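Lifted from TrEMBL, the feature list:
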type: DOMAIN; residues: B:25-475; note: domain 'Amidase'
type: ACT_SITE; residues: B:Lys78; note: active site, charge relay system
type: ACT_SITE; residues: B:Ser158; note: active site, charge relay system
type: ACT_SITE; residues: B:Ser182; note: active site, acyl-ester intermediate
Amino acid sequence: MSIDIETAARVAKLARIKVESEDLPALAQSFNDILGFIEQLNEVDVEGVEPMVSVTPMRLKRRTDGVTDGDMQDKVLANAPDAREGFFAVPKVVE
Amino acid sequence: MTDLTKLKIAEARDALRKGDVTSAELTEACLSAIDKADALNAFVHKTPEIAREQAAAADARIKAGDAPALCGIPLGIKDLFCTKGVASQAASAILDGFKPEYESTVTSQLFDAGAVMLGKLNMDEFAMGSSNETSTYGNVINPWRRGNDDAALTPGGSSGGSASAVAADLCLGATGTDTGGSIRQPAAFTGITGIKPTYGRCSRWGIVAFASSLDQAGPMAKDVRDAAIMLQAMCGHDPKDSTSADLPVPDFEAMLTGDIKGKTIGIPREYHMDGMPAEIDALWAEGRKMLQDAGAKLVDISLPHTKYALPAYYVIAPAEASSNLARYDGVRYGHRAKLSHGDGITEMYEKTRAEGFGEEVKRRVMIGTYVLSAGFYDAYYNRARKVRTLIKKDFEDVFAQGVDAILTPATPSAAFGLGEMTEADPVQMYLNDVFTVTVNLAGLPGIAVPTGVDKQGLPLGLQLIGRPWEEGDLLNCAYALEQAAGFVAKPAKWW
């Protein structure tokens, strides 16, 4: 499997990371280096093996479905790059 | 006492309890050492005011009697831990200016035990790296040098700031995190001790997530006893982390008897790597002899899927990272790119993430995006998770045969020079974690202990891998190894 420039651009788009077109060939190359390394996994016989979901065989704890905190709008917004009137502000989303 | 910063945690604890020293004195000594060590670039956010306040409170508590072991002990905290009101950036520009409104569970537990925070420690960006060269704060420098050569060496990564700070006696101990070797590799590169506990021992709540199924916090300390004392305070069940284990935490320090008679230590043949430096091979052989002389029984074992651990890791960790790091979008915290006229929300995401993330982080997020994308999910991600099952089973099989712990080298080399790997392809750097990454994939506890120096005088470490939840036994094994090795070398002060 070899990654071309078009695929590299598509992956960057999916990851929502802007990559300048002149940087795409180098990016594709480093994907290929890493994926070439990962290809070794194809040597392993995984027939009938369950993919690991949890490394420790334990049941995840359930908690009561109740409100345990809240009323901290100021704290929630304290680190926002742009917050106005109690909301996160972003560029226009709907035309 | 001449230099308080050189004290170990256990020594400082005893001196504090006897009234020979105060936490205020210890803290001032560390703060002053930190101010003189800017050349190491280990501490990136200093918190002297918090430290002095906590030290005063600790002194009052010690005076009142019944103070826990860590009460009054000055520590450094890796930048990956969210600390309330104090910059917590995971060494990334995308979290510029982020000051959490909450405290991570591990640091809360340390502070409840009376520990003093000296500041935040440098690391690889989002804990992605093995040389501490991906940080937005710049490289960390290893206090160790090759003989009289003043070339700057890496302290390892990702917990490079923690390793450098402990090795240079800037703090008595530090927190680290380990996703593929990020506690054990830097510990080995700097001649200190670091343990990654069993997955689920320490709460991950409030620790900036890299790969959630692999991430674990742990202590980096001057010796095994100190690691045991710190680990004790860091562990425990936390309802805020659904993967945290609801198991009792034993008294790890009390388990350090040094008696390993009759223990079975496995030597995995797959860890004999082609091209491994002779010095690493010799170190490993010496370690085997030390454990044998201490009464342990050595057995050759096989962990047949070892070779596939790194490739599996470089599917699973980036996949989880691409999902975890989706939250950095310029909306709720940290950096937001300056937008051009007409830019919409997609441009905001794309520009923010392009500016905020460093090259290695971008690369891994995109690799993760690729292996999870439609059409490749089965071929890469599911296959890697199946291989992970097999890697874990390798360990289960040898433990079922009666193996108590496994001895391996910690790293394939001593610390290398900063910048030496920049021209290499990323995979060369990934090979640093070849001996440590299996442990994360299998969720096991692993500890790195310094046992020797190479011909250039650089520290080298061995790794012991234990059974799940048996950190106490593992620490005791490491204690026996430490006693036999008698490693006491310290870096000559040049900073």
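Glycine too: its Cβ is placed from the backbone N, Cα and C atoms.
Cβ neighbours within 10 Å of B:Ser158 (active site, charge relay system), excluding its own Cβ and spanning all shown chains: 36. Local packing around the Cβ, expressed as the count of other Cβ atoms within 10 angstroms, is greatest for B:Ser182 among the active-site residues B:Lys78, B:Ser182. Look at B:Lys78 (active site, charge relay system): DSSP puts it in a strand. Mean model confidence of the domain 'Amidase' (B:25-475) amounts to 97 (pLDDT, 0 to 100 scale). Reduced to three states, the DSSP call for B:Ser158 (active site, charge relay system) is coil. Across the fold, the C-alpha of the residue listed as 'active site, acyl-ester intermediate' and the C-alpha of B:Ser158 (active site, charge relay system) stand 5 Å from each other.
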